[in-house]
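Heads up, the thing below is written out as structure tokens.
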């Protein structure tokens, strides 16, 4: 069919009595639209309820729509430029729309719009309608306020004003490629979500743990393509690394299976040797899982590619979980190496459970394997490389970091329970850190003892070689006492530990003797201090008594001066000698009485004092 312009369609519509045939097309008058006011579905077909019979059959997917040609041609440029083929089964024309955006549901809405029925736009259907209207070329050239302009205005002024509606539209674009990309719907939605995430001040601290709806947890529910677009835009806008990291961790929690590392030992025998039978989370085994192995692999590679390089952006636990999943799904060696380096730089925050990485082997690897080393429970080689990256990052400066030595001790104790673990790998791991990194070798001794217990068939040479990794001088006394009675250790090591025990006992006895000497010295010094205090108190008492005597001598001197003055007065008046003699005797008598009182007090003090006392003169000389 040749194209028909909009002006020609309008002129034909104005003539109500005409029934023209123009370019092999029947043009119906405008009143047809008012007659078709509802649709009816029968089996897999939709019918327009109208008094005028339909002349056009349109197939979208497996649904057939019976409609009139004129309402569609008046609004859809695609219909006017497409050659319609006559229907072989019935009267009218037939058209099949291949790869129609949005499918049959979207075309049903467009068909109602063409018949001027009410149009209900929402965030759920606006993106499919926008893409479908572009497919059908429903521009303003054919009718003012056509579907392209309506949907575009709704997206610009309604959808992009709300991040929740934007997320809804972005999710609806998952099956609209490449139309949604070409129409910039995906780009506009991703830009708005990234801008909102970068400028939102109400950032929850527990994005990974919380289940309620928020911007960050909702971003983590998008498809991987749209999620990558949002994260890439956020990084371009220099969003905070910890926010990007939390969103990525939430996304991995939503879409990646959790490796079941609760291994419960060796639970069966596989293709010949002891084989670890561990499971991936039920999500991988269930048929209802929406992602296959290849999709999981692509998801892991995509998430690792956008991880922030800053330390602390994601937890070490998350990195090790991603590493386990990447190994299970056979990710690229470059990606696994990148994860190992990241774990090595954050190794201080790891725990021993995270480092227990299952030694996953697929069926082909089991058939090729011939040595028993490949059937170890845990992948020790990965942990060995992680510690190497840690030492490279720290430049051998592991002093003052007891958490690393404790982590290695605990890991060695766990892998020592594996009966298939070769002694070489255990020894290489035990000698990984420099000797000065350990302050105590009790944890290393516990791991070696566990390894010897699990491997009772080791030769004496292997036992001595293994025990050389342990410094007996760094064992505590309790560990030495335990090792001295341990029959699993080689004889040379037991003799060395016994010597160490004897030496420790000697040091302990010497310390006890020194403590006793110090106690005696303290007691002697305390006795000397007591004697010195008693002497000081005695001297103080004598000084007080001397002050009292000085005061009394001063009083007597004043009495004598007064008597001397009276005597001079009597001499000047030339009193009789008899009267003067009487007064002098009186004064002399009073003086004698005072002296006797003083001597009586001194004698009483001497009798009351304990022990022999020195004479008054000796006291004076001492003072």
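The backbone N, Cα and C atoms fix where each Cβ goes, and this holds for glycine too.
Computed from a predicted structure; not experimentally measured.
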Among ranges 562-592, 593-623, whichever one TrEMBL labels region 'Disordered': 593-623
Residue distribution over DSSP helix, strand and coil in the domain 'BTB' (54-123): 24 helix, 17 strand, 29 coil
Averaged pLDDT score, the domain 'NPH3' (213-504): 80
